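According to Swiss-Prot, the protein has these features:
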MOD_RES   Met1  N-acetylmethionine
DOMAIN    59-143  domain 'RRM 1'
CROSSLNK  Lys65  SUMO2 cross-link
MOD_RES   Tyr127  phosphotyrosine
MOD_RES   Thr138  phosphothreonine
CROSSLNK  Lys218  SUMO2 cross-link
DOMAIN    480-555  domain 'RRM 4'
Amino acid sequence: MDGIVPDIAVGTKRGSDELFSTCVTNGPFIMSSNSASAANGNDSKKFKGDSRSAGVPSRVIHIRKLPIDVTEGEVISLGLPFGKVTNLLMLKGKNQAFIEMNTEEAANTMVNYYTSVTPVLRGQPIYIQFSNHKELKTDSSPNQARAQAALQAVNSVQSGNLALAASAAAVDAGMAMAGQSPVLRIIVENLFYPVTLDVLHQIFSKFGTVLKIITFTKNNQFQALLQYADPVSAQHAKLSLDGQNIYNACCTLRIDFSKLTSLNVKYNNDKSRDYTRPDLPSGDSQPSLDQTMAAAFGAPGIISASPYAGAGFPPTFAIPQAAGLSVPNVHGALAPLAIPSAAAAAAAAGRIAIPGLAGAGNSVLLVSNLNPERVTPQSLFILFGVYGDVQRVKILFNKKENALVQMADGNQAQLAMSHLNGHKLHGKPIRITLSKHQNVQLPREGQEDQGLTKDYGNSPLHRFKKPGSKNFQNIFPPSATLHLSNIPPSVSEEDLKVLFSSNGGVVKGFKFFQKDRKMALIQMGSVEEAVQALIDLHNHDLGENHHLRVSFSKSTI
């Protein structure tokens, strides 16, 4: 883009007219596809704007001096505390971006705040100012998939448990309370699983710079004091996290402001940490937290990439549909930070990683407590294929109650784990964790395998082959009601009822879609029966070149 010029002397504020000087006209205008691809490989972007002087409030905000490897999610996160981000344009070749807020008031609050507090991404200060354009308008080209998937993920967050719609008010309140403490007092109730200092740091860092943490036990409760760099971050974290669960249905956060205004940390170890003083001694008198917690919970250790994530979790505790916060590198942490499944699905659709999404880099799942007499690679391929494109499946030769399932990426693995863990398959509740393996190895030529390892990398049954596939918008947890599609006109309701009851299941209800008889809902006697029916009948040949498509439904009959 010829109109984008190198940054000039610090302290001189530039209007965005300089960025688009070669392609701006009065009224609506278009960035040329050549200039856009030169900057970021994106297709042409359309804008509607008018001539405005630099610094005049606008919903569109110009961000400069971004790190080279910055992600869409990180850029969007700059605007989250102030309101809803409605559009995004990345110019990675120029280390710049434009974001559009839902209101001018939100944008104004954001610019005012970052004028007094310089934002930092990946250790690098960045610069924020108003754009002279009233709105961003992007097209629907394939190259926009990542940005749009990121926005969809964030919008799912904002409409979900975090209630970030109130965050602009939170920022205003925090800025108005100059005397408010930046220190939070955190109590973790219903402590079924270990909560470590690093777990708290991962969660609370989403809302600002964490300076210090001290953990302790008081009145038989695990507690912590956490100091942010500023009161605004503390206010945002309190509003967003108070009452949330770290893990499924347990480890509930209760958060209040501390009377302290600063923490004095003497040691950097598993109980306390000063992130501004890496030179502090460790104080070897205390045993490491992961060892003591593992002993307290009586659970076996699990190999983990994180030294603070070694404690095992009780294997029988699994409530798959309860939302929790995600903890990277901690096995058993299911749902992401109060992010509904739609957010993870949107991320998977765009092949992006949401900051804070558990296991974003690990695509291999360890599935245990399988029925060794009935489980097959094909049954696992079909079931896990509801939540992503399964690449390989290996049932362990000497431990056939265990299997490895490799998904296309870490987001899909997260979706499968959060939806399927604890559900019954062949009469047994399966348990799912992230595997320590990065991929599933195929057997060597001549090696005895008994057909227990299968490669599905090129399977025609993959549901999500296209980036941004609409199938990601229709992912739901296992339920007794199944959604059927691709039904030929010659197949009747009775035909389908007979088909779905042929393997011993009970059909409790059925109805065709009024406007489209190619689709129907069928209700089985239980969730377990529906799971088995999906495995048995997805891709079933109904004749007339129609293969039945089966998925879980959010609706009931």
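Glycine too: its Cβ is placed from the backbone N, Cα and C atoms.
Note that the coordinates shown come from a computational prediction; the quantities given were computed from them, not determined experimentally.
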Closest by Cα to the residue listed as 'phosphotyrosine', out of the recorded positions Lys65, Thr138, Lys218, is Lys65
Top of the recorded sites Lys65, Lys218 by count of other CB atoms within 10 A is Lys65
Students should find that the Cα atoms of Lys218 (SUMO2 cross-link) and Lys65 (SUMO2 cross-link) sit apart, in Å rounded to an integer, by 46
Rounded Cα distance in angstrom between Thr138 (phosphothreonine) and Lys65 (SUMO2 cross-link) is 22
Checked against DSSP, the composition of the domain 'RRM 4' (480-555) is 20 helix, 25 strand, 31 coil
Taken over the domain 'RRM 4' (480-555), the predicted model's pLDDT averages 94
Across the domain 'RRM 1' (59-143), DSSP yields 29 helix, 30 strand, 26 coil
Counting across all protein chains, other CB atoms within 10 angstroms of the CB of Tyr127 (phosphotyrosine) number 18
Counting every protein chain shown, other Cβ atoms within 10 Å of the Cβ of Thr138 (phosphothreonine) number 20
